[in-house]
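First comes the structure, then the notes that go with it.
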């Protein structure tokens, strides 16, 4: 769903955001997207995981919010069994939008703040496992259970110090887990249940979510999609919700199988008068959920929007997700009630039919209200809830429901639904005698979702289903999913928590083992993932083995995956593995529990909502940690292997009489494949071949796992002392004029240093995240330094270094386990302007020194391997070949090549360019940029000055970095294609079974610091025009006006004004193109502002239908060019300011944001970045005027001669095939297609 324009202030990538480039992050290209149900407990077994995880930073929607799903509240105590997905189980609840592959999508931001700390590599779970810092981790199965009381001594001891009696142990394990001490639950007389949780982050704001327990699973045969329709009509038709927008509140809604959620993120008080906003927010939710207006005009408007959304969602990824869900749940309605609905039915419903469905399901007893945030006076909040909702009764229900005591048990959320009553509601029509019948109380269903499953349990007699095969011309790679479906194990006792912990240990070992197979240059698989997680939306626990491979390698890939699963099942984990992963989990839990007061309200709320759906006990982080410590002491190696083996039996024992049968086996395969020397041939595969390959893999001989030596340090104390004697590290003067070796700014707390080898250092001490630090190395150059003979050398080089993952004499496996033991997340990335490394580390047990050791080893003792180069080259080759199979990526690719005059530095390298590269050439391209005065390191965290400066001197001061850089001299000219040209407007046609369309419109813009193409300094233009004006002015110029002229000369003037402009244009696009004209569901305006290069551009992205896409493009152009005829008004500017300032204020509570603010503070290639850009950011936003915005608007090139557009159309009648020479349309490689369920939930409504 199209996001309402309120993107985060600083959502662009830190100093150098990703550009409009047709592609997903390389990690996505190299590794299949997560096994779709977005189960956070999935384990990426063999993604190209390595300690130096590589990302060529690409397009990310600024509104893209990672919403996590869940194993359960109590299992938060030990963390997810795997990675965090991009998005929820099926799509994008709460503001999340699918980032368009191929387009860099950025929030309007003056100072971008993050290169991607949220996706840092976790040493524990591999490249695909993005264990984010737990500001985000309030989800039900996140590792939030750390305790500040777990000592190093305790970590070193055996987990069971003294024998414990069997009866005593059983008694302890059967004890219920403690409940969250601050969570308040209650129920009104009409059945509405509410939950209130005080939470301090973000300050002065709260979340209010109304969950109505009705979704697509409750629809009848002729109502498919009607729950989603009601979500739209009720939400967007609410006048009370609209009134809140002026207060700085944000709102949205989404629909899934089992529920519909309306949510508002609001300040606690109005800015102007300090009035309490809680009553207004509750009133708006009451109107939306229980008193919507089903006017014909609103229904028709939303019908158009939903039909557009349906076509937009209908990607190959969505179709694959549907296939997986259909086979997994073939025995129940989950296989056929996708939330978006059926197009033919959406066309038919009139307001009365929609209203009848609402009357049947939208009543207080079938809803739960969640309030999380700065709610200091809980009794008052309860009174406000009662005042707003107490009198809301379902139509025809006169008698109040009996009062229930506040419910503490999870099961009370699932009161049984009475079978009788309201027969008329089954048809949606009122009986004439309805008023004479005694009203019957309506309560929510006892089971959500109300479906029956066929379980994959040992000894359950049922016929095995043969593997299903889904073939499509838009699928590029082979993937197979083996599913096992069992009832949810509700985590309510210590025994339940202990089981989750043991599974986590077992599956972590499986990931690491299979990952070692990436040592070979040509592994048979692209990725192997094992996902084990609970799903509230499906009402079951699903284990999924997902294998992806190049089509020609599919048999070998299956054999390797099932063979490794059987080996672990038969031999189990070793004592060393159990100790290692247990220690890592305990350390992780300590770190995360320290952040108990830093978890955002929305994440806590999601955590509670999903936990309640699964009936897991909800604990806070400290309770969870204490519970984890208690059960950890009882875990034995034998039990870990027993519990883990049960998870894997459906694979390891496949074909045996008593083995649990897979719920489904589904292969998604291309119709045609490219064979070297042959060309395109049909891809043939049969179910029995799949079965034979599984059995063959299980029959391979197996051997136990050898123990691996894990280094405790990468640089010994004696080695360090020798280095210090040789290189004599010291801090040098920051200025040639003065002998100043340190600058400290009292207002921001930022310290600046410079080492004698030329490396610049910025750091800030914060308590945002207790005993956690983040660090970023930025190296100037990036892809811009590639010349015509070395296209792709930088990104392939960075990927090669990452693929190898070795440093010095340590293997990749040793380095990865070193990261596991020290809770270090690390990534290595590149974009057009920079190469950068990012670290996230815990400060306990010398974690910061360990992170600095790793950085030192990468800089001093990096290892370049031929097989890693081969893998990196193959990954980019495969990704390039997959572009023609994606409508969005093909369209974006063609636009980029045209706009930037076929400059390959801004798109994926072509096969021709890749063939020219060698290991030495890519190594030189990367390492030539790693010179002293071209490197800047920023560190933010909860450390002391002594700690950070000691690490800096010891490990960065001893780097033998050259002191001069000639990077600037090697940047070839970058220019926009001149007008006139046939390439200013293009079209792309993709053959597909279903129709879809999208378009991109782009044009030149200045960079963040006021430089335009050809190096023109726009501040000179401003000074020239203002100088002419001053000649005629009085000498008594108003002081305020003079101050404002100072604002216009501020180095961040264009960054600020363009950010505000983007907010306003986004809002107008939504209102005009989507809401008024009904031409699209999803339209957005994004700015791409470089820091170092003297250019930038804007992008409008719009999805539509083939019949409307040209009109949508014209409408977007009209909005873009209409700012002169339809002037910006103060109300629009105020709203844009409020949105960006509130997000800035909220983000300053995070380390990652500060890391971005520090970027380039001492960079000679970004001379206009200085401390005032950080100190005066708020003032600059507040001071901006409409006239300032028009000054910036004059330098957005929106005329016909500067504007580029490309329309992409997919359908059976594909028109002319794309003839772009850069794309080899006949080659089909691997492309990420997502996984089960990722795209089936509806987009957020706005």
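Using N, Cα and C of the backbone, Cβ positions are placed for all residues, glycine too.
Between the candidates 309, 317, 331, Swiss-Prot assigns the Zn(2+) site shared with 228, 232 to 309.
Counting neighbouring Cβ atoms within 10 Å of each of the binding-site residues (228, 232), the lowest count belongs to 232. Residue 231 (active site, proton acceptor) has a Cβ environment of 28 other Cβ atoms inside 10 Å. Applying an 8 A CB threshold to same-chain residues 6+ apart, the list for residue 302 (active site) reads 229, 232, 233, 236. Reported as a whole number, the C-alpha separation between residue 309 (Zn(2+) binding site) and residue 231 (active site, proton acceptor) equals 14 Å.
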